[in-house]
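Reading through the structure tokens given below for one structure.
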Amino acid sequence: MTTLTSASTTKEGALRRFVRHLLYVMTDNPVTAVAFALFVLIVIAALFGPWLVPYNPLATDSSSTLQAPSWQHWFGTDHLGRDVFSRVVVATRLDLMIAVTAVAIAFVVGSTLGAIAGFYGGWTDRITGRLMDTIMAFPLFVLAMGIVAAAGNTIENIIYATAIINLPFYARMARTEVAVRRQAGYVQAARLSGNRDWRILAFQIFPNSLPPMMVQISLNMGWAILNAAGLSFIGLGVSPPTPEWGIMVAEGANYIVSGQWWLAVFPGLALMLAVFTFNLLGDGLRDLVDPLRRT
Amino acid sequence: MAIPLLDIRDLTVEFATRNGTVTAVKKVDISINKGETLGIVGESGSGKSVTSYALLRILDRAGRIADGSIVFGGVDVGGADERTMSELRGREMSMIFQNPRAALNPIRAVGRQIEDVMIQHGLATRGNARGKAIKMLQAVRIRDPEQRYHAYPFELSGGMCQRIVIAIALACRPQLLIADEPTTGLDVTTQKAVMDLIVELAAERQMATLLITHDLGLAACYCDRIVVMEKGEIVESAAVETLFASPQHPYTQRLMRATPRLDSQVADLLPADDERRASTKRQPIGPPLLEVDSLVKAFGSAANEVRAVDNLSFTLHEGESLGLVGESGCGKSTTSAMIMRLLDPTSGALTFAGSDIAVISAKQFAHHPLRSKLQMVFQDPTDSLNPRWSARRSIEDPMRRLDQLNRQELNTRVSVLAERVGLPAHLLDRFPHQLSGGQKARVGIARAIALEPKLLILDEPTAALDVSVQAVVLNLLASLREQLNMSYLFISHDLNVVRLLCDRVMVMQAGKIVEEGPTEKLLSEPSHAYTRALLNAIPHPPAQASSIHSSSAHPPVTAL
């Protein structure tokens, strides 16, 4: 054990150590390994989707509308003869982009507000707290609908709306995590070393409160994807013919009654898989960023 | 010889970990007779607690008894099923844990918690449980048991909570009581009261006691026999008199040497040939460095004011070491936070190196030029290091903030500091959780002396360390004081440790200094009743035959 760690303290060992740690986290919990594999699949689909798919997702073909899944069209075709498989794969990028951007904004703004509130307490804390309570008081999906409807039907607004409804979760979490560490010994020691408040907050306390936030980010990603799809399902945000899971489910829903189930089921499954992956990913991600697990 | 109450043979306990199987306890033999008190003494990682967990079969999921037998009162504990075990636990053998507050259910009245265990084992019915619980509270000397029955753990002091835990443990009149560090975290006077109570109740009930502790002095005062464990193995087992008269194993000898006695000097804690021993040479005491004048810290509103520090005045000279001793809640930590300028005093003056620093707010002092001259070593080395920073980064931090050094100079300074505190250079890139307690303490000390401070506040710097590590750290602190000509303000609850480093000692009680004087005089002729109580409560190992010039065995000190 001692020989292992002393050998791996060199600089070039850092990457190898990370890979070994990654492998350990994977093998320790097979569910995490499955989640990571799915995650990689989703990322590949998002990055290279348009080049990988067999058909142009926007090309209509009136000769082959509403065909059932076959070797030629794996997920069948829709009412305009577009290939459902191609559309599902290509849609990954848009859905993931909305979710990632929204969660990133929510994380940065929310955790900054929360960390400041937790560190200074008093009025800062009270004002931020009440602000977050106000957001939480609305039914969140309805609030998002309202924001998009009021601000205009664009993708940016979907992102802002999703970010705003996710803010309170990060703010509250960061506040608690920072508040419990405010009086830690290493924070006092940092003060004695001549660190100003913002330095202590940014370099001592905040990095140490990251692991639980990682779980929150991951869970939130799934939720944000669902939220974006939900908004476009009811006709807000993304507009046809852009391939997007929510719209595809909405369009396909009309055909379920007449027996053409593949139009709605496959994008729905893709949506479910994405949400499922991010939910599973949370724990693995925490294990990965927690230095205490890295022994 | 009668059949022992508990007979452990060849016990081996293994833990499955990420890096393979670790053997925590190796071939341990222990036997306890009825009414006997056995002490298991060892440092952290010696396997002493794991042995007791194996005995109660409450090991973690990763741990298992790999080999050996445990026979308790004719029952084979190793092979017993879970039902038999839950009958045994609490009723025949019970345990007192280290942290009494964590061992009690915080949302249930303490009286109810005593009832629960009696009802569980069929020794009381709902009807008569209350009366029995109150009797137990009386037995553990809790005043007003009728009222205390309804108290919640948060309403009681640490000592009181430990009494409740003892009451729960003894409620079913077990034959064996396992006490795992029962007084760690309690004040010395409370420790004495709790230990006296355990011994008295054990004698009254003919109960065998297994006392697990890191404190050789405590074991010496209260046990009949002592088993010394190191790295999962028993290295020595003997009656207290024999063990202290002639310790056989080198580890026992080292442990005994490292335990501070009434007459030992700081260098005596390490073997004579150890190069880490501090020299006895002292720098001459210079002009006043820190003058504290009627310092007050009050909390709460004006009408309902509590004075944590009440009108405190003292002077600390250059090169001098001053001890500040008191029990928890006496205001010593508040005092140190104010002197360190982490907390603003309500009133009073602090003159440090000729300038009044009390007028500078704690916030502004963070980047004041005097900041680097006023540093501190914290109580808990683990808590005081950022878990995400390597040792090097932690040591560098004060120099980066308060000193203009380039990368090269920084590296050189860190290497010099590491060498000065005896930290091997290859450990500098490790994270705190990869370092041992002693190594973390060194990192903390290196960080504190990085800016060559004039005054170093030591806030119980060895409270979280094993005695052998404490010996090394105290010697290191003594050597550094001479090398860097620093003054120390040593804050502790332990007079025994304070006297090793300090020229003068102040005793603090309820925010006030009750006695002050040169160390030797204060310890030999304490004038205040509180100082005497503190001194009497410290458990001392009996004098060692080899360290004084007498070969006759000394009678064990049963109560000091």
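Even glycines carry a Cβ here, placed using N, Cα and C.
If you look up TrEMBL, you'll see A:92-282 marked as domain 'ABC transmembrane type-1'.
Long-range neighbours of the transmembrane segment (A:30-53) within the same chain, counting only residues 6 or more positions beyond its ends whose Cβ lies under 8 Å from a Cβ of the stretch, are 83, 85-86, 89-90, 92-93, 96-97, 273-274, 276-278, 280-281, 283-284, 287. Marked as transmembrane segment by TrEMBL: A:30-53 (among others).
What TrEMBL lists as transmembrane segment is A:96-123 (among others). Remote same-chain residues near the transmembrane segment (A:96-123) are listed as 42-43, 46, 129, 132, 155, 158-160, 162-164, 166-179, 182, 197, 201, 205-206, 209, 213, 217, 220-221, 224-225, 227-228, 274 (criterion: CB distance under 8 Å, separation of at least six residues from the stretch ends).
Within its own chain, the transmembrane segment (A:135-152) has Cβ neighbours under 8 Å at 158, 160-162, 164-165, 167-168, 227, 230-231, 234, 236-237, counting only residues six or more beyond its boundaries. What TrEMBL records for A:135-152 (among others) is transmembrane segment.
Residues or ranges marked as transmembrane segment by TrEMBL: A:217-239 (among others).
As annotated by TrEMBL, transmembrane segment applies to A:259-281 (among others). Within the same chain, residues 31-32, 34-36, 38-39, 42, 66, 68-69, 75-76, 78-79, 84-85, 87-88, 91-92, 95-96, 218-219, 221-223, 225-226, 229, 245-246, 248-249, 251-253 sit at least 6 positions outside the transmembrane segment (A:259-281) and bring their C-beta atoms closer than 8 Å to a C-beta of that stretch.
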What parts of the chain pack near the transmembrane segment (A:217-239), using Cβ distances under 8 Å and only residues at least 6 beyond its ends? 94-96, 98-100, 102-103, 106-107, 141, 144-145, 148-149, 153-155, 157-158, 161-162, 165-166, 169, 245-247, 249-250, 271, 274-279, 281-282, 285
